[in-house]
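Here TrEMBL flags 28-50, 65-85, 106-126, 162-180, 189-207, 227-248 as transmembrane segment.
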Amino acid sequence: MKNDIFSFSRFGRYFAGELASICSGKGLSILAFGLMPVYIFILDLLFSSFGDGYEYMYAISRNTFFVFSFWIFAIWIPSACYGNITDKRAGAVYTLIPVSSLEKTLSMIISTLIVIPLAFCIIWTGTDFLITMAVGSPVKDTVLVYAFSESFTPLDLDFSDMLVSAANAILFFLLGAVFFRKHKIAKTILVWMGIGIVLVLLGMTVLETMTDNWQSAASLENVDISTLNIVWSCTIAAILGIAIFLRIKTIQY
């Protein structure tokens, strides 16, 4: 096979075929997630029947539902789309596909990190926009407008911080989907919690050490926390991407 590592034409054909396969197998589930505003609207109508008159749910509440449903979607989608490659039968077929491990990894990452989440967000915000207009609320009350005019969280995090954090979460669960053979989501969450506990303990130790050293503590005042967070998140994303590639390259049945 020529261009064993990467070929744009071969990758394009494989990527298009993989997306078509995902749409065929998981398209209805993705649509169901994206239509969450419809379920919220129905529940809102049911609860409002106990009061006087009807007023559509506030944007801040719907924004919370959007973030919550997106995180559930981000946890679910990697295992749903690629969890079968650790299965002996499906995985054996996957290894026989005439594309390189790099092309498989890139296709996997682009699909779960960009294309599928983007489709989910378009369906979700589009549905919310139509319902908001239908009930007579102003455009500023749509989740799409509100998300870019207000903070996602009370912590006032930058949008770029939220974006890279979500990307890392998806990559982490994608790694869990191709690494574990059973109970993929549960095991990945347990590993995430374990890593989180270790990092918290390390962070407390570092802060305690820096508190004792006033010069190190003073130097933190000149550090751009947002930039540092993005650099750290990008580094983690690169590590996760490499780990996924190595798993795809070395997976055995």
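The backbone N, Cα and C atoms fix where each Cβ goes, and this holds for glycine too.
Long-range contacts of the transmembrane segment (162-180) within its own chain (CB-CB distance under 8 A, at least 6 residues past either end) are made by residues 70-71, 74-75, 77-79, 81-83, 85-86, 108-109, 112-113, 117, 152-153, 187-188, 191-192, 229-230, 233-234, 236-237, 240-241, 243-244, 247-248, 251. Same-chain residues lying 6 or more positions outside the transmembrane segment (189-207) and placing a CB less than 8 Å from one of its CB atoms are 75, 172, 176.
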